[in-house]
Amino acid sequence: MRRRAARGPGPPPPGPGLSRLPLPLLLLLALGTRGGCAAPAPAPRAEDLSLGVEWLSRFGYLPPADPTTGQLQTQEELSKAITAMQQFGGLEATGILDEATLALMKTPRCSLPDLPVLTQARRRRQAPAPTKWNKRNLSWRVRTFPRDSPLGHDTVRALMYYALKVWSDIAPLNFHEVAGSAADIQIDFSKADHNDGYPFDGPGGTVAHAFFPGHHHTAGDTHFDDDEAWTFRSSDAHGMDLFAVAVHEFGHAIGLSHVAAAHSIMRPYYQGPVGDPLRYGLPYEDKVRVWQLYGVRESVSPTAQPEEPPLLPEPPDNRSSAPPRKDVPHRCSTHFDAVAQIRGEAFFFKGKYFWRLTRDRHLVSLQPAQMHRFWRGLPLHLDSVDAVYERTSDHKIVFFKGDRYWVFKDNNVEEGYPRPVSDFSLPPGGIDAAFSWAHNDRTYFFKDQLYWRYDDHTRHMDPGYPAQSPLWRGVPSTLDDAMRWSDGASYFFRGQEYWKVLDGELEVAPGYPQSTARDWLVCGDSQADGSVAAGVDAAEGPRAPPGQHDQSRSEDGYEVCSCTSGASSPPGAPGPLVAATMLLLLPPLSPGALWTAAQALTL
């Protein structure tokens, strides 16, 4: 049974004098208090109130401002609007304009509303009938290109081609580029107000939008904010990934609206790169939605002319000229602060960054992602973590740094954190590693040459600990990281090497230690410091074979992430249809599950 913090009663119902008040005042009253007996929470700042009201109206949660009524709202309507936004965004549904809600409102996103926009005259929503193209062959062209971008015209066109191909690969739609002025899908890079009713707002905020199919002159047109720093395989892990945003917007252009499903490409918030354009596949629920509109693509039309795919990436002299950030580590020449299996995937943390491997050990990106952009709620000044693990009792993720720890539900920090590590009966000073051993379902914490055994189900430390390391013969007495993997084995990391202990065993498997960089992070022997000679196949006992590069995917000296780390897929790993590929989303708790807002939300 989950332990939940006690919660007071909700806000009291409004009395006659509160039933209708000007919205800013009502926000202060409704959002500054959590319960009738609780102490008032800090009142939102005036600029936050203004942001909240404008944002909720802009994206369909509240009617737009009406000067004839003074924009009056009831407390109930306002609380419902905030609750709906929180549910759609994967936050705890409190109905309160708290810090997490404001942070999500400030996250870059698509310009289109999440819900059918309300009006003052009609407060009941009626979901519009889905629109779709009544033809199968659609033309497209890039009418205007980004003006001050390191991405060349050919790269932009290539990214548009592959983003459209994501949809035509599974649905009976054929996209072809045209050079003339007439095209079904016109693509523009614009700034500020560009006369379509969806003005852009500078860097961040709204980054792009597209129009649904129909008979209007803008049907299918797709616009990107030219004030954004558009990137592709950026070396500094910053900017807006153009391919990821384009896939989302072209979903609108063929008729799909926003959804709250956790790993859908059609969630409204920007979540970062989605991987290699030549290998990216849509999450399952997005496939189902487009199949419902157009049916399943069975074969290529015999009358369709073959179109030569553009090359990716572009030559080196047309890539980003921005210097790489000095604090970004290289995966092939470092040890890691923490390693964890989360939702069946491997996360390697170093400094403010992390790398991610899917269930079948595909490296999502050769470049690391920023930790704070993925795990919402970690302090911005946090420059590293000590240990991370996923609790087996409730599948929440625990981060440790020094004397404090944080608990996350999916990508969002739980209320009330950070808390002291003394909650675990651990001494002050932090830990070196943490992992849950599959053999006994206990969590082990390591510090220097000591280890503790903890029961996450009862939230108590087992008696008799700490004990002297190591429990497993052959494992170093001091560790950097530890993790259990989907194959049932436990993996221990120190420096640039790792040790493998098979499920239920108390000693290291033969042939270890081996190179972490080579076997997990797709580094060659010449790249990984301290790498060792190849061993036999993992099925025979020692380690997995070295990672493999797809040789056809190295172009113009530019390393492309179509790579697989050493081991074959663990038993029961999902196939490519259900494996989550978006960099900034957690996969579902069970393979193939449609992880909807009612279950566990995170875009």
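Every residue, even glycine, has its Cβ placed from backbone N, Cα and C.
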Disulphide pairing with C523 per Swiss-Prot - partner from C332, C561, C563:
C332
Local Cβ density at C110 (Zn(2+) binding site) - other Cβ atoms counted within 10 Å:
25
Would you count the other CB atoms within 10 A of the CB of H248 (Zn(2+) binding site), including those on all shown protein chains?
30
Relative to the Cβ position of C332 (disulfide bond), how many further Cβ atoms are located within 10 Å?
20
Measuring Cα to Cα, how many Å separate E249 (active site) from C332 (disulfide bond)?
35
Under DSSP, the repeat 'Hemopexin 4' (476-523) has how many residues in helix, strand and coil?
5 helix, 17 strand, 26 coil
Cβ atoms near H252 (Zn(2+) binding site) (within 10 Å, other residues, all chains):
22
Listed in sequence order, residues not in C110, H248, H252, H258 with Cβ within 8 Å of the centre of the Zn(2+) site Cβ atoms:
L112, H209, A210, E249, G251, L256, S257, M266, P268
